[in-house]
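Peer 1: Take this structure first; my questions come after.
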Amino acid sequence: MSLFYVVGFGLKVGHLLLVLCCWIVSIIYMNWFNNSGVMDTKIFGNSCKIHQQYYQYIGSKKVRRHLWRKLLLIWVLGWTMASLWILCYMTFQATEKRKETLASMCDERARMLQDQFNVSMNHIQAMSILIATFHHAKNPSAIDQRTFARYTERTAFERPLTSGVAYAVRVLHSEREQFEKQQGWTIKRMDTLEPSPVREEYAPVIFAQDTISHEDRENVLRARELGKGVLTAPFRLLKTNRLGVILTFAVYKRDLPSNATPNERIQATDGYLGGVFDIESLVEKLLQQLASKQTVIVNVYDTTNHTHPIAMYGSNVSDDGFHHVSSLNFGDPFRKHEMHCRFKQKPPWPWLAITTSIGILVIALLVGHIFHATVNRIAKVEDDYREMMELKKRAEAADVAKSQFLATVSHEIRTPMNGVLGMLHMLMDTDLDVTQQEYVRTAQGSGKALVSLINEVLDQAKIESGKIELEAVLFDLRAVLDDVLSLFSEKSQEKGVELAVYISDQVPELLVGDPGRFRQIITNLMGNSIKVNLHCQKFTDKGHIFVTVHLIEEVVNSIEVATSQNTLSGFPVADRSQSWKGFSTISQEGPLGSFSSSSSERITLIVSVEDTGEGIPLEAQSRIFTPFMQVGPSMSRKHGGTGIGLSISKCLVGLMNGEIGFVSTPKIGSTFTFTAVFTNGCPTSNECKSQQINNQPNLASSEFQGMTALVIDPRPVRAKVSRYHIQRLGIHVEIASDLNQGLSIVSSGNLVINMVLVEQEVWDRDSGISSQFINNTRRIDRSVPPKLFILVNSGSSSRTSSVTGLHNPTVITKPLRASMLAASLQRAMGVGNKGNPRNGELPSLSLRHLLLGRKILIVDDNSVNRTVAAGALRKYGADVVCVNSGKEAITSLTPPHQFDACFMDIQMPEMDGFQATRRIREMERLVNTGEMPLEGLENRSSWHVPILAMTADVIQATHEECLRCGMDGYVSKPFEAEQLYREVSRFFPSS
């Protein structure tokens, strides 16, 4: 145990010494450096700057080695003396502690011996009172030798330390003859058993428990004079031949006052009661009660005669240098007793002191060696510094070249892609036949795939350089996931894969975070599932991809286990709880401890993407998040992709203070789960109702308020998803598992069912029941029967196109989204706006409201880009003017002008967009401050035309430079209608 203590103590001391010495050395270096005028920053600044300035100092100033050698010698000598002092001090402390331990143990034994002796002495004194009461106070006596012997024998357990008790009566010389005749025996001496010589009085023993062969007349006389118990000098007992003492009490005829004189006590004495104590047995019984009896040697002495003490217990053993003496008080003021204690073994070597002092000395020598080696290597560090600075310059130049290369490549690739995609988008608005439209859509998909690939490579480059950052804007999570569903809906419908999203009601309507990066994570995960599932043989029948979003405390407290009966498509899935099993926030603190105490403004979401694809092989699961790695050598050719989507997603999740994990079972499927921390965008429900994002209308429109829908679906999970999307429109939802149960709910009359949504699986199961259901719903006594809708996975299903009867149901193709569902219901039920905008795009009418009549300037040196941008803006009613240089932009935007906004390219010859924007902002400042007055502008308080950067450069530094030079927004090429809407809506109110 002491070795562990020494090691721990030495490590702590060494660490403190090393830190202290390094701090002192750094202070010396920095002070010298300051004095030389080379370093002009504070010592405790940025750590990188300190190292850089330290090496600058080393390279510019030589260290005096002889001074360091003197300091090293002083260091070694000083710590050697300190180690010797520590050794002496700790040895002295150990010796004092040993003495204190011995004193404590000796005093404890002395106290216990006194206590046990006092107990026996009290019993003997009580027996003397018994004799005075029942022998002398009664006539005839109630005690005889037989009675006394039986009594003392039965009460011997109360006096375990006494080896015998006897009572001697006081007989005067004048009463001797009568006493001897009465007793029938002659008074004899106890030691020789001869007739006692003539004396003034005698003390013959009349009652005795054991034979006592010791007579101490002085002890008896002293006992009757004092009225207390007195002890004899040690003597050898008759039977055991061991040392013992006799405790004697006087028995009086009557009660005496406490202040009685010795003569009064002598006259009142009737006899003497004595108890024999075996001192050696007494001490041995005491030591047997102590666990540490073997470590201490005990000796008991009668020190009444100081010059010749009598040893009552113990043996003479060689002393180890010190012992302790404890006084013993047995109640007799005349006799003195002492207990001498000493350790049986010699004191051990002070190993703790030795090892500690040696350890400190070794650590000090090691520190000195480190300093010595450091000084010897300073010369080498000077050369290394020069080489390091040269390499640093090369690395910085390479980093600048890399960033410039990425920016240039990004611009040069995205600029023509902007023209290609823009022209294809404009081509789709012309009159094309079906084959031509298919060709254009294929070209658009290929172009978008190329842009996505470029974005992934650039994101990976930004991750490696640590330049990727997150925004903090208000966004609607449900709208973001609706957009992602629209992105993958066409591919999922091709194979009949069921695609669904469910967001818990506990998740706030609005969040503050980076919606673009969140969308990127979901898109990467769903994109992987789509690619794998489209090549999975199992999906020739059916399968699903299911995205769920919950608050993290909801999921970790749930005990739901996924089975084939409660999954979205009925296929078995991997256990999603295993995907977050390794999350530190859950495994270390637990759900209650981690999340229940968090602030109400901090929202931790847990998102799962579940699929029933072919799964990930076990041997490939360890490298799933490695950049540019595929799960197998043929995966890249089979599914496509660069293999960096998951790596980018993991980095983005980390930036959102979250974690990502997965579980995958081959031939069953995979589930990816990640957490992300956002800020609650609407802490109160009133704030949620008052806020809108990007001027988008509330989905729970008034035409659906108060309506009730019936969803007929045998799968609880799928029914829950349908209810989630329908409730977003403000519609109350009831659920039934089959058509018969649904008909009972509709016919009961308890609820007014406005619409019935039936899963295709239920509808196609029995055409007879389906026809009967239609007929029965039409017979309900209501003015307007409920509208019937069939929820299908693929728009090509022909089985729902012909249903027996006169009233065919309306088909709604999944995946469900609130906007698509609202449009379908409005068209079928004849309420609200009957338009059906394409999935994933904003209504053209919204952009027309914003841009109609607006005069917008487009600045770009590329004629194709100007044509694409002008065509996109003119499509929505804007008045567009195009120029091809920054100088022309300054001329056009010099006050006064009639432009409402400006889309400006950044990289242009002669004058780039940054310079042009700075010149425009400077002119506006001069006009607003009155330094450049203009006629006819008295009614306008300030000039500030919104300038939006329009560039193919997506590097973060470029975005920051746009804001610094005075631009108001940022649009990356190629852009679409949604990008334009999002940017211009910040400046133009909806008309």
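Cβ from N, Cα, C; glycine included.
For reference, TrEMBL lists these features for the protein:
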TRANSMEM  13-33  transmembrane segment
TRANSMEM  71-92  transmembrane segment
TRANSMEM  349-371  transmembrane segment
DOMAIN    408-680  domain 'Histidine kinase'
DOMAIN    708-829  domain 'Response regulatory'
DOMAIN    855-988  domain 'Response regulatory'
MOD_RES   Asp905  4-aspartylphosphate
Peer 1: Spell out yes or no: are there three or more C-beta pairs under 8 angstroms between the domain 'Response regulatory' (708-829) and the domain 'Histidine kinase' (408-680), with each pair 6 or more apart in sequence?
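Peer 2: Yes, the domain 'Response regulatory' (708-829) contacts the domain 'Histidine kinase' (408-680).
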Peer 1: How does the model score the domain 'Response regulatory' (708-829) in terms of mean pLDDT?
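Peer 2: Averaged over the domain 'Response regulatory' (708-829), the predicted model reaches a pLDDT of 80.
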Peer 1: Please list, for the domain 'Response regulatory' (855-988), how many residues fall into helix, strand and coil according to DSSP.
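Peer 2: Counting residues per DSSP class in the domain 'Response regulatory' (855-988), I get 53 helix, 23 strand, 58 coil.
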Peer 1: Run through the Cβ atoms and count how many others sit within 10 Å of the one on the residue listed as '4-aspartylphosphate'.
Peer 2: 28
